[in-house]
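**Q** Okay, here's the structure, questions in a sec.
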């Protein structure tokens, strides 16, 4: 139940950020930004930060699986990539996927590093 409620809030926030950032750019910046933020947060929390401050697995699952799972979205990345290809912007589609994967891994490593430092403090 908590996972579903948290997921609702994650989806609402993702939609709000998308509307706030707008869709006028050729590059899907809103989805990219949300996915990078969600990746950093998930890796930060995976380093043990949530377990250090919250001792309830249901709440941890609500934050990670529910909120962050609904906040980020692989399906939007996929759809936007297909739309870029369909509109003939193949190079931009390749860059989008490349930046998303490499950027996600890099920001994830940074989030995990930050989380480990906080847990060790």
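From the backbone N, Cα and C atoms, a Cβ is placed for every residue, glycine too.
Where the annotation comes from TrEMBL, it is an automatic prediction and has not been curated.
So TrEMBL says this about it:
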BINDING   69, 72  Na(+) binding site
TRANSMEM  28-50  transmembrane segment
TRANSMEM  62-84  transmembrane segment
TRANSMEM  90-114  transmembrane segment
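Any idea what these are sitting next to in the structure?
**A** Listed in sequence order, 7, 10 are the same-chain residues six or more apart from residue 69 (Na(+) binding site) with CB atoms under 8 A from its CB.
Beyond the transmembrane segment (28-50), the same-chain residues lying 6 or more positions past its ends with a Cβ under 8 Å from any Cβ of the stretch are 14, 17-18, 20-22, 60, 63-64, 68, 71-73, 76-77, 80, 84, 96, 99-100, 103-104, 107-116, 118-119.
Packing against the transmembrane segment (90-114) from elsewhere in the chain are residues 26-28, 32, 35-36, 39-44, 46-47, 77, 80-81, 84: each is 6 or more residues past its ends and has a CB under 8 Å from a CB in it.
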**Q** Using a 10 Å cut-off, grab the number of neighbouring Cβ atoms around the Cβ of residue 72 (Na(+) binding site), all chains included.
**A** 21
**Q** Once the DSSP letters are reduced so that anything not helix or strand counts as coil, what is residue 72 (Na(+) binding site)?
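**A** Its secondary structure by DSSP: coil.
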